[in-house]
Amino acid sequence: MASSKLFLRPNPLPPTIFSSTTHFFFTTSKFTTTLPLFSAAATTDAAASHSLDYGPSILKGRAPETFKPQQQQQGEGDESKIVFDESQFTRIFDVAALRVPAKDCFALESRLRGHLLNWPRVRNIARVPGDEVESEFLKLLGGDNDDNEDDEDEIVDYAGEELNSVLYRDRLAKTFNVRGFVKFRNLARISRPKRKKSKEKRREEKEGNGGKNEICAVEVVEEEGEEMRGLLGEEFRDKWRGPTRLLLLDEEMVDKDVEDFPQAIKVVLEEDARENTAPTLEFVRCRLTLFYDYWQMNEILEALLPNGMIVPSAFETVGHIAHLNLRDEHLPYKLLIAKVVLDKNKPKIQTVVNKIDVIHNDYRTMQLEVLAGNHSLVTIVVENGLRFNVDLATVYWNSRLATERQRLLNGFNYKDVVCDVFSGVGPIAISAAKIVKRVYANDLNPDAVDYLERNSVLNKLEKKIKVFNMDGRRFINAMFSSDKAHSITQVVMNLPNDAAEYLDAFRGVYRDRPRDTPFKFPTIHVYGFSKARDPEFDFHERIRIAISEVAFNVEMRRVRLVAPGKWMLCASFVLPESVAFGKSSIFM
């Protein structure tokens, strides 16, 4: 049995042929334990016990004949690591296809769209390798050259007739197609210059990160000495008629004869037989091979993890870092999960980490474990058109609050003066500096203050931001006891775990000022968590107790559900006059 292979990629441009098929094998020396994945019998049993939907599936396809399941080996040392061979996810599917002339493939694809394969990330049109020949060699191969004769007639017309400029441009336009000018090869190359790759892309391809990997391959099965089913058979092979393409048909047609095809395909075949003395369409059988790079992250993890285990499909992205929050049941498979997450999100993701403990310290830094990729936790995050340098080992960052930060910023205007009590590296303070008149930012963590100053300079906003490094209560007291107090219009307290406890610092902030002086009391935005059945009422009670005030209006909003039964809320209210001029709390 002879065969010819061609490789496809999900690209709107004409597909590219790849000649190498060894890209999907995975080897590494640092892993010490091997995880057995699939066998032919296991795959068959799993497919029989599941009701599989339409489309590709790891359980539906068959493994290559050369596949040999690996046996589990005990690793040396205290910690055993998990590895799997990527070739174990190679799956083969039998499909049917129509071999059509290249010039008609896009028109036929539009007509037969509902009867084609239509699998995700697999093009319905496949190239036939070795079938592309320049038109100058058609006569040598015995093919028809009617197009060339027409071109010669047009050239004679141009030379023999006196054409005005309009007719000349009209005829010249007919010699132009999607690839450039047909007659003027050099002009075609000039009109479509090759794009130069950036240095980063060249380096990534050289290192193997972000390079082009084949996700699937189509193999045309040609049985020697036996006539293929279809309209043409061997006669089509006897006389080469030009480049062809394969239209991959619906998977349900692989075992059907031409007589059982849908009516739309029959009409196309009948039209071709009626219009051409020698029909140009041929029905062929193909093998579609899907490699490891084709399958999505969820599909790979679902096949690797034990039955019934929840697949960890969501993670937070901080620059080039993927931040996982794995459950206890996932911890034995954490290295395997991290490898799949890294493979399926390259080159954007270069590091995969897992939070191993809740936040306990005053600096809000997380205990992180690097599971895959490089060990650098310093990255650059882009938010609201600004760049932030972040080191997850020493500072706090939460990308999931980007929408809430943007909502808060939309309420600011150019007249506001913002006081950010717990600014961190400056996601709110620096973003607000683009909008408001002045920003005063504070954080207790000296590393966060260092990055805050760097980020303000990086975004050229250092002239509008004044940075402080002190406790939240001391910062509030210092700001409202200075001459800047009358100008502050917005106060942000984004420390959900403890922010409400710092509200007592606002009692008596204007106690030393005469009451008859006109004041514009600031609007305070405080964040907090609540596990109560009525989280809004619970958070409002904590605020009321903190500032020792009962009658005041609070605008409450649920931000996000951080855990089952645990809400993050934002309360916004104008500082009551009775609190600002009230008796001061004990200053710590």
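Positions of Cβ are set from backbone N, Cα and C atoms, glycine also.
Here is what TrEMBL says about this protein:
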BINDING   ARG405, ASP443, LEU444, ASP471, GLY472, ASN494  S-adenosyl-L-methionine binding site
DOMAIN    315-577  domain 'SAM-dependent methyltransferase TRM5/TYW2-type'
REGION    60-79  region 'Disordered'
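Here the features listed in TrEMBL are placed on the structure.
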residue: ARG405; record: S-adenosyl-L-methionine binding site; Cβ neighbours (10 Å): 18
residue: ASP443; record: S-adenosyl-L-methionine binding site; Cβ neighbours (10 Å): 30
residue: LEU444; record: S-adenosyl-L-methionine binding site; Cβ neighbours (10 Å): 19
residue: ASP471; record: S-adenosyl-L-methionine binding site; Cβ neighbours (10 Å): 15
residue: GLY472; record: S-adenosyl-L-methionine binding site; Cβ neighbours (10 Å): 19
residue: ASN494; record: S-adenosyl-L-methionine binding site; Cβ neighbours (10 Å): 21
Largest CA-to-CA spread of S-adenosyl-L-methionine binders ARG405, ASP443, LEU444, ASP471, GLY472, ASN494, angstrom: 23
Confidence summary for the domain 'SAM-dependent methyltransferase TRM5/TYW2-type' (315-577), mean pLDDT rounded: 91
